[in-house]
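Here TrEMBL flags ASP328 as active site, 4-aspartylphosphate intermediate. Taken from TrEMBL, the feature Mg(2+) binding site applies to ASP328, THR330, ASP741, ASP745. What TrEMBL lists as ATP binding site is ASP328, LYS329, THR330, GLU451, PHE492, LYS515, ARG546, THR626, GLY627, ASP628, ARG714, LYS720, ASN744, ASP745. Among the features that TrEMBL reports, domain 'P-type ATPase A' is placed at 44-160. Here TrEMBL flags 767-998 as domain 'P-type ATPase C-terminal'. According to TrEMBL, the feature transmembrane segment maps to 209-232, 263-282, 831-851, 881-903, 924-952, 958-984.
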Amino acid sequence: MIDTPTSPITSGLPLFFVITVTAIKQGYEDWLRHNSDNEVNGAPVYVVRSGGLVKTRSKNIRVGDIVRIAKDEIFPADLVLLSSDRLDGSCHITTASLDGETNLKTHVAVPETAVLQTVASLDTLIAVIECQQPEADLYRFMGRMIITQQMEEIVRPLGPESLLLRGARLKNTKEIFGVAIYTGMETKMALNYKSKSQKRSAVEKSMNTFLIIYLIILISEAIISTILKYTWQAEEKWDEPWYNQKTEHQRNSSKILRFISDFLAFLVLYNFIIPISLYVTVEMQKFLGSFFIGWDLDLYHEESDQKAQVNTSDLNEELGQVEYVFTDKTGTLTENEMQFRECSINGIKYQEINGRLVSEGPTPDSPEGSLSYLNSLSHLNNLSHLTTSSFRTSPENETELIKEHDLFFKAVSLCHTVQISNVQTDGIGDGPWQSNFAPSQLEYYASSPDEKALVEAAARIGIVFIGNSEETMEIKILGKLERYKLLHILEFDSDRRRMSVIVQSPSGEKLLFAKGAESSILPKCIGGEIEKTRIHVDEFALKGLRTLCMAYKQLTSKEYEEIDRRLFEARTALQQREEKLADVFQFIEKDLMLLGATAVEDRLQDRVRETIEALRMAGIKVWVLTGDKHETAVSVSLSCGHFHRTMNILELINQKSDSECAEQLRQLARRIKEDHVIQHGLVVDGTSLSLALREHEKLFMEVCRNCSAVLCCRMAPLQKAKVIRLIKISPEKPITLAVGDGANDVSMIQEAHVGIGIMGKEGRQAARNSDYAIARFKFLSKLLFVHGHFYYIRIATLVQYFFYKNVCFITPQFLYQFYCLFSQQTLYDSVYLTLYNICFTSLPILIYSLLEQHIDPHVLQSKPTLYRDISKNRQLSIKTFLYWTILGFSHAFIFFFGSYFLIGKDMSLLGNGQMALETHFWTWINHLVTWGSIIFYFIFSLFYGGILWPFLGSQNMYFVFIQLLSSGSAWFAIILMVVMCLFLDIVKKIFDQQIHPTNTEKAQLTETNSGIKCLDSMCCFSEGETACASVGRMLERVVGRCSPTRVSRSWSASDPFYTNDRSILTLSTMDSSTC
């Protein structure tokens, strides 16, 4: 049996305390996630059962259930559309939360089920659906429906157009019925989720490394002590002294067993060098510290009444280590709203100002270039409405100019696939546009947000799209209704990059209207102001606006008959249908007359450009990963500052094969090497990315690392996660952060080291699955530069300090063995061993790790480059760790031998003194716990040693402490040893800050505002101070003698970023005259 040098309670109590607190903290966070899951799984839905609608929870839906979904509701499972409130069985949905696209998509039911619009009729339906096994591809679905009608089986094919995906939202349709085919984790949305793994911060990994080093130190000390014990006992007089005779059993026991027994006894004696309480302190610091994010009013969004949320507190310090930011585009960088800004008609540029078109340049016959106004298209019916200030045109040009404007806005109103919800149409467009006009009365649902913005702009000008019925499109011009027969729609595709409609006007003319990117429209035009429009389009693009060109062509009867015949043949072809259609579209869309161009702004969120620029200054690389189209993504990247105008944009898009992709990558790598001075930006699409990641990962990563910014478009959700995974496992192993707002971003949020959810318009899937949730992208700067910086500095100091104070505490125990013949006698009373980490030294470091501000929050935000000082886990490097360890050993030697030669006492004074030295930001709480812990130590020792406690078997410390402190020499020795230990560290800090100061230390010494000479420690100094005063001031700042009550601070409105900092971290205001 091993004779333990300390009691089991002494060793076991701290461990029990650590495990209990950790379990409570983890259980609380799991409970929060459980509540969040219940909110989704418990959402009410209606299913058809026994001829009626039954209300149930979404988690109870089973395959084969017929579900009713109402307008604006989210689909709870993957459904095959059976019927809608429309006769043709169609409905419109938006998949913004799945693929980031805000455009409206049309889905249709098979004819046999489309007529079943009531619950009773659906209850009689007998059908079987056969489909493929669940797969993650959002755009692929194959199946068939076998319907039994009058003893006859009818087989209908099912494709993506019949599938309603979980997470999508029903729009512009009163209600639909669908049958569930994939539910729960088999839905496409769930298959695109990455299984959530436990995330561990870089600090945790460093802690584990340090722990292994200290474990080696512990084992080494135990082995050394055991060997030295037997070396000492080799002499007979020390092996069995007269006062400690061995028993017969001890004399006959195996030497190996005795060696092992002694080794284990020394392990128990020295085990306090392992800071078990470190883990519980870190858990408490993370848990309590996370509340500061939610309390920060600068992260509160008033419009949506949303504050920042912390879903996991384990990664607080990781916010200070981010090297790559991966962000979604739609809803994250943008507001998800399009606004019409400018247009070019017949070579003249117009801006929309208060519902009127204002000409920017000189109109024909007005060389002075005065502003001309187009109040509405009132001239279309009555030319007398045009005043001299409206159009200064010669009579011969007036008719032509009016015709151009007429055709331009008719093209805008007719060339689209917009759906309309009729709320009120009477009176729309009956006069000059007013502020409460058409858009508030009509609700448009567009196949793209650009189309919606353009149709709404045309309505404001005076040509209002009323809607379509069967094959007719209706527009109202100043109250006059015109019906156009819709003959053909030439759908948009990514190869042509344009769409067209062929319509028949009320007068019988057949017109082709085309709309598309300038690169696809301008080469097809043979007339119109082509060069002027091209210049205007470039000017629009430089402003970050999304541009489209409009053109038309008048078709003769013979031309139309040829077009109609060719389209019919291509659309009914059984083989090579897509190729034949493409050829016919090329034949139709040629010899066009250019009408002009439009410019629409996808409005960015507030301060996105400044935030991205700040991230770049902080040394963080920003990648944009989006499911949107290439042109749209590039346009937004330019407008938000992700791509600069001077940046050389490289493209890896539309790659068809591995060899082609590899060659293109090699070309890009060569171009980067040749133009190494210029900044490069890379654009890559999903298809090319798949090829690049298949066999050319290293080459692709080399190109990416040499680019300042990377944009990935047309990305599937799992591809986003793969890209982040690729960066995570690269040789540098950088810390990654992902930001997104939709369900399509969940995979990358879970894959990244830190996941940020934006609480936007695309549901709450991203926010629920994220580590942190914020309302706007701009809040990311304060989250990283202030909270991340503080959290990292605090916990890095906490970890180092814990190892330091345990070395200080236990090393004298090791040295003491040299003076007690390695008899395993303990230097400390068991009560002090237990309470040293739990009571005497725990609160000062805990409060420090919650409240410390080594530099002002405003300075951190206004100088993003300070973020570089803490990157790559620099505060927990081996060099810093060794410094703290050597410091601990040196202090332990000073105190042990100082006590031995002068007087003997404990380490608590030194531990809390070192903590006081590290503190820059003193509050009343810091004072209370730092000096209070020291006072508590003395009070406890007086009570513990001054009273005979009946429940204690032995009381070795009785009256020792009182007797010791009654001596003046003991007080002198304690003060002398504390000063000696701390003085060495003070001198080192002074020389480091003078000779090799970091940017943060320079910022601490720099005046933070014009006319204010205040340091981060809040010590003030005057301009004409002497050198001695400077040293004295530095000593004051290093030892942290200044109190926030001595001075207060204010900040001018010129401060960058957050001028009205209402954070809980912010101090009170300060008058500059105080300094």
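A Cβ is built for glycine as well, from the same backbone N, Cα and C atoms used for every other residue.
Considering only the binding-site residues THR330, ASP741, ASP745, ARG546 (ATP binding site) has THR330 as its nearest partner by CA-CA distance.
Ranking the binding-site residues ARG546, ARG714 by the number of CB atoms within 10 A of their own CB puts ARG546 at the top. The Cα atom of ASP741 (Mg(2+) binding site) lies nearest to that of ASP328, taking the recorded positions ASP328, GLY627, ARG714 as the candidates. The least crowded of the recorded positions ASP328, ASP741, ASP745, judged by other CB atoms within 10 A of its own CB, is ASP328. Cβ environment of PHE492 (ATP binding site): ARG498, MET499, GLY516 lie under 8 Å away, each six or more residues apart in the same chain. Note on the binding-site residues THR330, ASN744: the fewest other CB atoms within 10 A surround the CB of THR330.
Within 10 Å of the C-beta of GLY627 (ATP binding site) there are 27 other C-beta atoms, taking all protein chains into account. Per-residue pLDDT, averaged along the domain 'P-type ATPase C-terminal' (767-998), amounts to 80 for this model.
Between the alpha carbons (Cα) of GLY627 (ATP binding site) and THR330 (Mg(2+) binding site) lies a span of roughly 9 Å. The CA atom of ARG714 (ATP binding site) is located 13 Å away from the CA atom of ASP745 (Mg(2+) binding site). Cα of ASP328 (active site, 4-aspartylphosphate intermediate) to Cα of ASP745 (Mg(2+) binding site): a distance of 7 Å. On a Cα basis, ASN744 (ATP binding site) lies 11 Å away from THR330 (Mg(2+) binding site). Mapped onto DSSP classes, the domain 'P-type ATPase A' (44-160) shows 17 helix, 54 strand, 46 coil.
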